[in-house]
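Undergrad: Below is one structure. I have some questions about it.
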């Protein structure tokens, strides 16, 4: 990887009298500064410089060890001290005339990358030429906010994805084989019996009394077997996630294709909307194009992962030692994901119901709680639901974004997927997960412990649609075929709604 940077520092006055001091600086001090921390023979170098009136023009060439933009930032402070102390000159701004990044690659990139004005591919080398896109955010902002580094990381991620790098999956435990009582599609059978009907939106279902009672039984099992015994407290998390929440949680790096966006109206004034109202009254049609003009930019999206909004409750706080670990859960509303062509029955939907379990504390507390949860889940799946299921370690979403996979890099953080076999398709489906997220959320939301010890957190989502798909897919809809322990908790089947 190579970098070439041509930059002009705007000074507060003519710098001709400073030429001698600058020459000495670039010949001695700058050389050491730009090699610091790099292997021998590596780093950055000033390939040329000159003074033109109140402009100090510098050319920097470098490798990956001291990138050119980092080299410039290393030079800025000592240059400011030299020019200010001896020549009463200040640095007023940074303007980049050329910034190239060259990286080895076996292909051209096919997608536009922000702040990349031009790209070319030749002889196994991919060259990116950077440019400023937002006039409000010039080169100083780009360099100080490490935009070039993020571009390099994004480029490496894309080149990796072109190679088809797969998610890591490692089997941890598998239940013994069990006899299945049903071999059909549970969703089709639920529709046939009037337990559920399609809602008006894609990937949405209306649950009748029978299906709802099944959901509530699963909820009660989770409460009685996990949440109450382990001391979890119930909260209500917001179901609208703003951009700031997703930036802090890390979801803003890649959530865009799957979220339902929320756009507020530009005005609450009824007169502003009168044209829309009148159009509908006359045509009985919704004027979507007109509405589009009257709504503002999205402020975020509908609930996607459920736990991120909880962290706003703790944001910026210092927690007393005796308050840890904190253990809470939320079951107050739906989550929404745009599944595109992947929707299928109640297994994969756009609107779903979930109990979100969150815990945080010291690393030891979080790891110990994860083990307790795993034991309780195993008890439920083995002794109450009697499922054919397995546990696997998979690459957590946040580690996948950072290009890390495998148990060797987990260092205590990681995700356990719980998968069950669907007899009608022969496929294993994820119906439950448990994640130890390390310091990610406490750091992202600036949550600290009184002791100064690093805080960790974990979360686990109980998806009621997935539990239903798996349970009915293996046991069927006839309660006589259900395990005794589950039937005790389920009780009587409620009467459904009849139609003529």
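Placement of Cβ uses the backbone N, Cα and C atoms for every residue, glycine included.
Sequence annotations record features per position, and here Swiss-Prot assigns L-serine binding site to 305, 337, 354, 355, 356, 401, 433. Residues annotated as Zn(2+) binding site in Swiss-Prot: 307, 356, 459. If you look up Swiss-Prot, you'll see 337, 338, 339, 348, 349, 430, 466 marked as ATP binding site.
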Undergrad: In whole Å, how far is residue 337 (L-serine binding site) from residue 430 (ATP binding site) when you measure between their Cα atoms?
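TA: Taking the Cα atoms only, residue 430 (ATP binding site) lies 16 Å from residue 337 (L-serine binding site).
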Undergrad: Within a 10 Å radius around the Cβ, which one of these binding-site residues has the most neighbouring Cβ atoms: 339, 356, 430?
TA: 356
Undergrad: List which of the binding-site residues 339, 349, 459 have their Cα within 10 Å of the Cα of residue 356 (L-serine binding site), in sequence order.
TA: 459
Undergrad: In which DSSP state, out of helix, strand and coil, do we find residue 459 (Zn(2+) binding site)?
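TA: In three-state terms, residue 459 (Zn(2+) binding site) counts as strand.
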Undergrad: Here are some binding-site residues: 349, 459. Which one has the most Cβ atoms within 10 Å of its Cβ?
TA: 349
Undergrad: List only the single closest residue to residue 349 (ATP binding site), chosen from the binding-site residues 305, 307, 337, 355, 433 by CA-CA distance.
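TA: The smallest Cα gap between residue 349 (ATP binding site) and any of the binding-site residues is with 337.
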Undergrad: Going by DSSP, give the three-state secondary structure for residue 337 (L-serine binding site).
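TA: Going by the DSSP assignment, residue 337 (L-serine binding site) belongs to neither helix nor strand, so it counts as coil.
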Undergrad: Over all shown protein chains, what is the count of other CB atoms within 10 A of the CB belonging to residue 305 (L-serine binding site)?
TA: 20
Undergrad: What does the structure give for the C-alpha distance between residue 338 (ATP binding site) and residue 307 (Zn(2+) binding site)? Integer Å is fine.
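TA: Residue 338 (ATP binding site) to residue 307 (Zn(2+) binding site), Cα-Cα distance: 18 Å.
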Undergrad: Rounded to an integer, what is the Cα-Cα distance in Å between residue 354 (L-serine binding site) and residue 459 (Zn(2+) binding site)?
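TA: So the Cα of residue 459 (Zn(2+) binding site) lies 12 Å away from that of residue 354 (L-serine binding site).
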Undergrad: Identify all same-chain residues not among 307, 356, 459 whose C-beta atom falls within 8 angstroms of the centroid of the Zn(2+) site's C-beta atoms; report them in sequence order.
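TA: Neighbours within 8 Å of the Cβ centroid, excluding 307, 356, 459: 305, 306, 308, 310, 330, 357, 358, 460, 461.
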Undergrad: Relative to the Cβ position of residue 433 (L-serine binding site), how many further Cβ atoms are located within 10 Å?
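TA: I count 18 other Cβ atoms within 10 Å of it.
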Undergrad: Roughly how many Å separate the Cα of residue 433 (L-serine binding site) from that of residue 307 (Zn(2+) binding site), to the nearest whole number?
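TA: Answer for this pair: 13 Å between alpha carbons.
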Undergrad: Is residue 355 (L-serine binding site) helix, strand or coil when read with DSSP?
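TA: Assignment for residue 355 (L-serine binding site) reads strand.
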